Protein chains: 2
Amino acid sequence: MTTEENVQYLKQFATEIQTQLEWLSGFGADPAGGVTRLLYSDSWMQAQLALSEVMEASGLTAYFDDAGNLFGRLEGEELGEGCILTGSHIDTVRSGGKYDGAYGVAAGIAALSFLLANYGQPKRSLEVVSFAEEEGSRFPLTYWGSGNVTGRFQTAEPPLDIRDAQGISLQEAMHSAGFGAGTHRPSKRTDIQAFIELHIEQGAVLEREEQAVGIVGGIVGQRRFTFMVMGEANHAGTTPMAWRRDALAGAAEMIALIEEKASALKEPMVATVGQLEVSPNIPNVIPGTVQFTLDVRHADEIVLASFCEEIGSRLQAIADTRGLKLSGSEWMNAQPVPMHPELMEKLTNICEARGLSSRAMFSGAGHDAQIMQPVCKTAMLFVPSRHGISHSPLEYTAPESLSAGVAVLIDLLYDLAYS
Amino acid sequence: MTTEENVQYLKQFATEIQTQLEWLSGFGADPAGGVTRLLYSDSWMQAQLALSEVMEASGLTAYFDDAGNLFGRLEGEELGEGCILTGSHIDTVRSGGKYDGAYGVAAGIAALSFLLANYGQPKRSLEVVSFAEEEGSRFPLTYWGSGNVTGRFQTAEPPLDIRDAQGISLQEAMHSAGFGAGTHRPSKRTDIQAFIELHIEQGAVLEREEQAVGIVGGIVGQRRFTFMVMGEANHAGTTPMAWRRDALAGAAEMIALIEEKASALKEPMVATVGQLEVSPNIPNVIPGTVQFTLDVRHADEIVLASFCEEIGSRLQAIADTRGLKLSGSEWMNAQPVPMHPELMEKLTNICEARGLSSRAMFSGAGHDAQIMQPVCKTAMLFVPSRHGISHSPLEYTAPESLSAGVAVLIDLLYDLAYS
């Protein structure tokens, strides 16, 4: 392409993707500008059905699997060569934005449509997926969509006792939406050779560093804990400072230490105390108990484990010094997931060839890519999020960023499926 | 009295007061062992009426005033000489103990009864009061009882818009209980020359220091603030440590500073962050906003004011350094109230003469004595609270402590009314 053609080509995608994301946000739109599409809800179902029509209109063969994952397929010339998959999810958090997940689906459809129109049938089959569920917003469960594709979950045996806020079980909701074992194609796949997920960054690193594209080296491991600090509730007026066993003063020292230790380590180490409850929580009573959560993330399992261990013993030391009791429990331990070096290298070369600035980075958030990684070569690509805002009606990515991402995705898919 | 007689005399009071407090706790008793007597409630009214019978049976003239304060009077020989008052309150917090307030009322009745039986009519009139309300448990208002006696409040013009949790106004509740302007004797008094309040400590100072009696030098001043720390809620995984504006990490540093500064000052300085709310309060979201209360108490207004000023500017400095916004509002400012030096000296001498250990101390909690102090010579006497526990069914004071307090009270009342 000439430079002029390239500019036109990118403009076309910018408009196309933006228009499609606006249109898709109509499914589950709330008056405040947010989008709520929960797994197997009416708005979710309508969005999936509408997308299947878009896929068909783009020349793809659309189909659902038993879990409700929607695929658009472009059959390859070479039989038995497996399949190159791209896509993301269309379920949202409550009152989320228009870009998280949806961008990867819309971009995938646009990319396959462009490849078909310009290069005809691929050698290897290409598919775009709109995963049924990633956010865990309706049920206390995440990655139901990609988890069924990889065999982590099975529609025939959904986890029991998983219910939404209304008491409806995952199984009931799945059946109500017309899905479940035997209703469509089996979810479990063994033919996928590569999965490429294009996603908004959900952070402000690319924006601040003015990089067009982020090439994800891995998804950080996450550990989550709940700590309970137990002191003694007492009268705020009649208990001298020296005799107090103030659970909140103790927790404050712990939170300060966590922040200090995490800040002292290099990126991508992050540690967050996001939730905290005080009891009895009355202005004139010394806090007797404080419960708080700790969320720690790093791309290196050894660094992550040693940080958590050190924090645990340092918090215990603070509690001991203050005559407080401390108990901690770990309720999440997700290992770091590295992306495929070969695909990362291809992405780096593509960006260079296109004159797009890029940087290697870790994903601090979880994505379907981490579920797909054990079964196929997996890569992730980020585009900037304005002000790093995500999971909010304020979520926004500029049109030129949307099109840059699609252009890089097209080049990689071409490399994998046509060459 | 001989030593033997003195021992018998104290034993008698121990039994008498303990029996009366047990009996009184039957009014408003809950199954968990707590006592709930809210202003103008049925259990409160029954307790006041039952106490008026006890007063009459003890040789006192019982009467109510318009606010529902109950008095037991022992007329003095010398007309126009004014009145020496003792007593406390019988309203409670929800599920409170048997001693807070009630002890001062029972002790006052026992003291006047003893003085009458042993020394006959006093020179100056003696009265015991069971104030209608001190705790602020039913209505968002405190000291309604003593406040009517001193003229701070008037039954004819109760504060408007003061309602309980059921929406009943103070005025409606007062009228329902049969009180209000013109129903009984006027509440406002100008004849009270001295007020002595005997009360449990509600702290653990006397117990830890093994002192029989605390002679209160003053009631600390209190200032209460609410601070709002505003940062930026953000994704816990995708926001590097260096770019965070974490409201909770900022609040933690502030709480640590408050504790450090208050501990560095001598008693009776106390500072407490008792209530704290995090928003959005989700494990994987960096806290955007934290609101917390600060309760500061000291007996010296200058020390109190300078501490609050320093804390205010130090908290602002922490906020500035972290790129956080801080707003603070003061919603309580009660000045310290000194007790009368002459009465304190008399109490010290009485304890010495009785061979009772005692220490001067400040009251970190509020009491009716601070309302009476502007209109008459006022003193307060503390006896030990087991483990410092108060406002709880676990509230307890040993019988020998109860009787020691009564003995000192009797001696002071004798000095003031008979000599």
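Backbone N, Cα and C define each Cβ position, glycine as well.
Since the structure is predicted, the reported quantities are computational estimates derived from the model, not experimental observations.
Listed features, source TrEMBL:
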{"type": "BINDING", "residues": "A:His89, A:Asp100, A:His199", "note": "Zn(2+) 1 binding site"}
{"type": "BINDING", "residues": "A:Asp100, A:Glu135, A:His391", "note": "Zn(2+) 2 binding site"}
{"type": "BINDING", "residues": "A:Arg224, A:Asn284, A:Arg297", "note": "allantoate binding site"}
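Distribution of TrEMBL features across the structure.
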residue: A:His89; record: Zn(2+) 1 binding site; DSSP class: strand
residue: A:Asp100; record: Zn(2+) 1 binding site; DSSP class: coil
residue: A:Glu135; record: Zn(2+) 2 binding site; DSSP class: coil
residue: A:His199; record: Zn(2+) 1 binding site; DSSP class: strand
residue: A:Arg224; record: allantoate binding site; DSSP class: strand
residue: A:Asn284; record: allantoate binding site; DSSP class: coil
residue: A:Arg297; record: allantoate binding site; DSSP class: strand
residue: A:His391; record: Zn(2+) 2 binding site; DSSP class: coil
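Ranking the binding-site residues A:Asp100, A:Glu135 by how many other Cβ atoms lie within 10 angstroms of each Cβ puts A:Glu135 at the bottom. A:Asn284 (allantoate binding site) and A:His89 (Zn(2+) 1 binding site) are 49 Å apart (CA-CA, integer value).
When the C-beta distance to chain B is held to under 8 angstroms, the binding-site residues A:His89, A:Glu135, A:His199, A:Arg224, A:Asn284 reduce to A:Arg224, A:Asn284, listed in sequence order. Summary of the Zn(2+) 2 site environment: with the site residues A:Asp100, A:Glu135, A:His391 set aside, the chain residues having Cβ atoms within 8 Å of the Cβ mean position are A:Thr92, A:Val93, A:Gly96, A:Gly97, A:Gly101, A:Glu134, A:Ser137, A:Gln202, A:Ser390. Among the binding-site residues A:Arg224, A:Asn284, A:Arg297, A:His391, the ones whose Cα sits within 10 Å of the Cα of A:Asp100 (Zn(2+) 1 binding site) are A:His391. Over all protein chains present, the Cβ of A:Arg297 (allantoate binding site) has 29 other Cβ atoms lying within 10 Å. Close to A:His391 (Zn(2+) 2 binding site) in the fold, though at least 6 residues off in sequence, lie A:Val93, A:Gly96, A:Gly97, A:Asp100, A:Gln202, each with a CB less than 8 Å from its CB.
Other residues of the chain with a Cβ within 8 Å of the Cβ centroid of A:His89, A:Asp100, A:His199, the Zn(2+) 1 site, are A:Ser88, A:Tyr99, A:Gly101, A:Ala102, A:Tyr103, A:Gly104, A:Glu134, A:Glu197, A:Ile200, A:His367, A:Asp368. The least crowded of the binding-site residues A:His89, A:His199, A:Arg224, judged by other CB atoms within 10 A of its own CB, is A:Arg224. Between the CA atoms of A:Asn284 (allantoate binding site) and A:His199 (Zn(2+) 1 binding site) there is a gap of 48 Å, rounded to the nearest whole number. When the binding-site residues A:His199, A:Arg224, A:Arg297 are screened for a Cα within 10 A of the Cα of A:Glu135 (Zn(2+) 2 binding site), none qualifies. Within 10 Å of the C-beta atom of A:Asn284 (allantoate binding site) sit 20 other C-beta atoms, taking all shown protein chains into account.
Distance from the CA of A:His199 (Zn(2+) 1 binding site) to the CA of A:Arg224 (allantoate binding site) is 24 Å.
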